[in-house]
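Per TrEMBL, the features are as follows:
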REGION    56-354  region 'Disordered'
COMPBIAS  79-89  compositional bias 'Polar residues'
COMPBIAS  106-126  compositional bias 'Low complexity'
COMPBIAS  127-141  compositional bias 'Pro residues'
COMPBIAS  154-163  compositional bias 'Low complexity'
COMPBIAS  178-187  compositional bias 'Pro residues'
COMPBIAS  196-213  compositional bias 'Pro residues'
COMPBIAS  237-276  compositional bias 'Pro residues'
COMPBIAS  303-337  compositional bias 'Low complexity'
DOMAIN    462-500  domain 'Zinc finger Sec23/Sec24-type'
DOMAIN    539-783  domain 'Sec23/Sec24 trunk'
DOMAIN    788-871  domain 'Sec23/Sec24 beta-sandwich'
DOMAIN    884-983  domain 'Sec23/Sec24 helical'
DOMAIN    1002-1074  domain 'Gelsolin-like'
Amino acid sequence: SFPSKAVAANPVSDLSSPLDLGNCSLSLSAAPLPYLHASTAFVCVSRSPVSQPYSQGAMNLSGPHPSYSQQYGAPPPMQQVTNQMSGMQIGSGPPTSVGPGYAHHPSSQPPISAAYSSAAPPSYTQAPPPLSAAPSQPPLPVNLQPPSLTMVAPSPQQQPFPSAHHLSQPFVSSSPYLGPPSQPQAPPVSQQQSFPPGPPAQQPFPNSAPPPVTQASYSGPPPLTQHSFPPSSQSGPFPPISISPSQYPGPQPQSQPGPPPFHSGPSPRGPIPPPSMSQQQANHLPPGPMQQQQPPQPGMQGGYPTQQNGAFGQPRGPQPGYAGPQYPVQQNYGAGPAPAPAPPAQKRLDPDSIPSPCVCKTRFLVLPQIQVIEDDRVNKSSEPFTTGVKGQAPPLVTTNFQVKDQGNASPRFIRCTAYNMPCTADMAKQSQVPLAAVIKPLAMLPPDETPPYIVDHGDGGPIRCNRCKAYMCPYMQFIEGGRRFQCGFCSCVTEVPPHYFQHLDHTGKRVDCYDRPELSQGSYEFVATVDYCKNNKLPQPPSFIFFIDVSYNAVKSGMVNIVCQELKTLLDYLPRENPEADSVVRVGFVTYNKVLHFYNVKSSLAQPQMMVVSDVSDMFLPLLDGFLVGVNDSRMVIESLLDQIPEMFADTRETETVFGPVIQAGLEALKAADCAGKLFVFHSTLPIAEAPGKLKNREDKKLVGTDKEKSLFQPQSGFYSNLSKECVAQGCCVDLFLFPNQYVDVATLGVVPVSTGGSVYKYTYFQAETDRERFLNDLRRDVQKPMGFDAVMRVRTSTGIRATDFFGSFFMSNTTDVELAGLDCDKTVTVEFRHDDKLSEDTGALMQCAVLYTSCSGQRRLRVHNMAVNCCSQLADLYRNCETDTIINFFSKYAYRSILNTPTKTVRDTMVNQCAQILACYRKNCASPSSAGQLILPECMKLLPVYLNCVLKSDVLQPGADISLDDRAYLRQLLSCMDVSESHIFFYPRLLPLVKLDGGSLPMAVRNSEERLSKGGVYLLETGLHLFLWVGANAQQELLSNIFGTPTFSQIDPNMTSLPELDNPFSQRLREIIDSFRSQRSRYMKLMVVKQEDKAELIFKHFLCEDKSTSGGASYVDFLCHMHKEIRQLLS
């Protein structure tokens, strides 16, 4: 195995180190790893990156760029694509003895794909030629253009492995591949590029670039380049990769006819190919010896021209000074009629050698793969993370760590995209790194961490700056012996009230500094005075009102009965601050279909009374006394009501429902009681009954992918937007539980929950037997979790930056105050910052988030979180202190909001463009000079491409044919208030092989690809919303007996939603892991058992995000090549 430390010929900088692709290498930031194989000798050579000071205008990436037309037209023949893509190799190892490409796991199962229309091609019959006769590589010609990815064979003296140890995976060099000693360096690619003219349909870069894409009403990242990902029928959306034919001397494999080209139209949703389909075909591998490429089908649209010998334009002949063996002529489709030799057998880009969040094992050894998550867990989980160091990046969200508050807010409350902010707006614009913070004000802390202290200053209230109104915090500097303090945000000097005065010590700190949380902690709470209350009156305790849909669909599905039975016990667990005391929250009950039924459950009544309001056009509350009651006071009447409701509506035939009047009724009830509260609405169908807020079915999949698609995410009318404004003013939060069997227009129904700080839960095709557990766990957590009501949040910053944009579930009536009718422990607010002046490296940048809210006990409080970050004048310092997970959280929220006003393709292109500019700026200004064929990534952004590709392929931005509009709207709203840990698992699910479950540690995760699945294994996949247990067809009998209690694969019930409780250590540990995963998420994850080759496997494979998606999303390997090409275009 490879240890995590390295011994290199030269030290490697902490900023970047390269991953070799021959003349086109992916340079990744990772320390070199010594190879401990018994007969391995591998020398890592590196150049230390030069950290260049920032100079304004050094690289203007924010200005307009040529918008090259990059439409991916009909694909070339399959053999051409697979042969050329397979030529991309990482590392300098020799070809394996088993043949070109890398060998798959012997038991991996071919993916099920409907994208191919060709038969399985023949397999290899001949190994690649030996390397013993490889000559030294002469200089490459000047016409090597940026998109070329050329593989270079090592000279014999550099061959890292003896012939007896041909491994199935090439190694990854952790430094730029400089070639054999006798090989001169390739000339730089900064020379003038020339793109010779060719057929118009295949000319990717015309002499006159087309105008840039118009960004109508889309204020976001800089101008973009078009990136059109292909339909699912195409093998890969990125340029094919070719190698020089004179690099592998030796016998030429015999030419065989290739398979027919790809089906050039949309992917037919036809029958699934049989499981016996060739593994090579299924995984886009070269299926046989090099084959003659067939001409494209008539009428094919021009995409990228075929790359000849690694360059655009005219094909390149044999290299000078070397008379290599003659190759059969290959038809040229790229830039003219000149013939070009066919490339020999090649290796494909090794996925094990590109950056991944996980550790990958092969049959032989642990590859030198980027072990980002595992390394962070090993290095940062043992010691507590202390927040006293300004600008220190916290451990990753995947690491289990303890926090000690020493003056900055815990990363559980605030995570920043960058902990070293650029000093000037020009520097920020040049880097394109977003400056944002993801704030979770009421986050739950682990038991071993102390919750924020509550500070009560009496009638005087919290101490604040006179000018900017910032609250007392560790950044205030006391002067004049403690009689005044200077604000750290605006530098204003304020008198210290006499009751707060204290002397200073010899360092200038107050002697009671560590006795006061507001002077020594990053997070704390103040008890607010009556001045902070609405209408200068202390608030009443909040109320919960339950609205139950009793229409035909709701009753028939069993939802009504389940809700009523659960509420009888759930009402004992209403939120409270003191676990020993009774909750002060009052409750009320309403049922509805076309009309509303209010219930009087006053404690003095023997039976509940029902009052019907049929005039829903002008909603009013028919009773005041007896509607909102204490649970303990009216327990007998409430239980009687909950027993009667399912019986009363058991035979209903009413199918129509209303929705707007339901919200209005709850709002009127809270107004009458003069309190804040929450509405729990259990709804099943599209509200088509005549009433305010009536909706129509507008589902139209023909609009998907068009400019009118954005209208599907917008509400049908302004009714619910106006209603949500009234709810926020009253402190009326709405949680919506949906049980649809068809389209219900989540985009419109979700407006009120999203605007009031509430949540939407969706249970499509609800079945009481299989969905009961998931629904009840969600309901229990939603009722019990700590939350605040009638909240207002404001973010203050020090001079030089300001909060300019906000993302989440809230309402804003001005540009500074975030208003939330309800704020629970799961909700986040994401804030974007921009410069309005220069920042100083000496003082850094400060931000303070203050949330004024009413607790569930009815007390008005202020929760304050403070964060200080460093400022830098060098780009290298900025790139050294970024956090990729938070950047992706921000990017996804920005993109998901943008699709309300912008076509999804434009949003995707914008994200790709901004990511390319971030990495290109790093390459130009921070990395050491190296070959242009190297993709150099910052140390803290090694995983930015893989995560960004997951966002681009998500169901919201690139849906498959089976994704409904409601699902997309639901996921869009759900992500808007996700924290970083949940968005991480949402976009890159966790895949665990269940082999050995020893001790308390989790199995080591593997990469999220079908290639990692073994027929003989069982795997657990966590997506944040689902849990999948994938069972291989050849799983061991002992393993199946330990998990399912049956030794045979065929006897496993795929419909089970919970594992049997078996008396063996493996079963107990697996159930503990599943329970642990569920406890970490805000939504209960239903378990789905997936048997290999079962129909449910298509759903499972949808979440294998490193593979090519059925909706046309690129695989990680393809996207990395595409991103590399984009960066090179920017740099050239």
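Cβ atoms here come from the backbone N, Cα and C positions, even for glycine.
With respect to Cβ pairs under 8 Å, the domain 'Zinc finger Sec23/Sec24-type' (462-500) is most closely packed against 788-871, considering the stretches 539-783, 788-871, 884-983, 1002-1074.
Broken down by DSSP into helix, strand and coil, the domain 'Sec23/Sec24 helical' (884-983) contains 64 helix, 2 strand, 34 coil. For the domain 'Zinc finger Sec23/Sec24-type' (462-500), the DSSP-based tally of helix, strand and coil residues reads 6 helix, 11 strand, 22 coil. For the domain 'Gelsolin-like' (1002-1074), residue counts in helix, strand and coil come to 24 helix, 12 strand, 37 coil, using DSSP.
Confidence across the domain 'Gelsolin-like' (1002-1074), taken as the mean pLDDT and rounded to a whole number, stands at 93.
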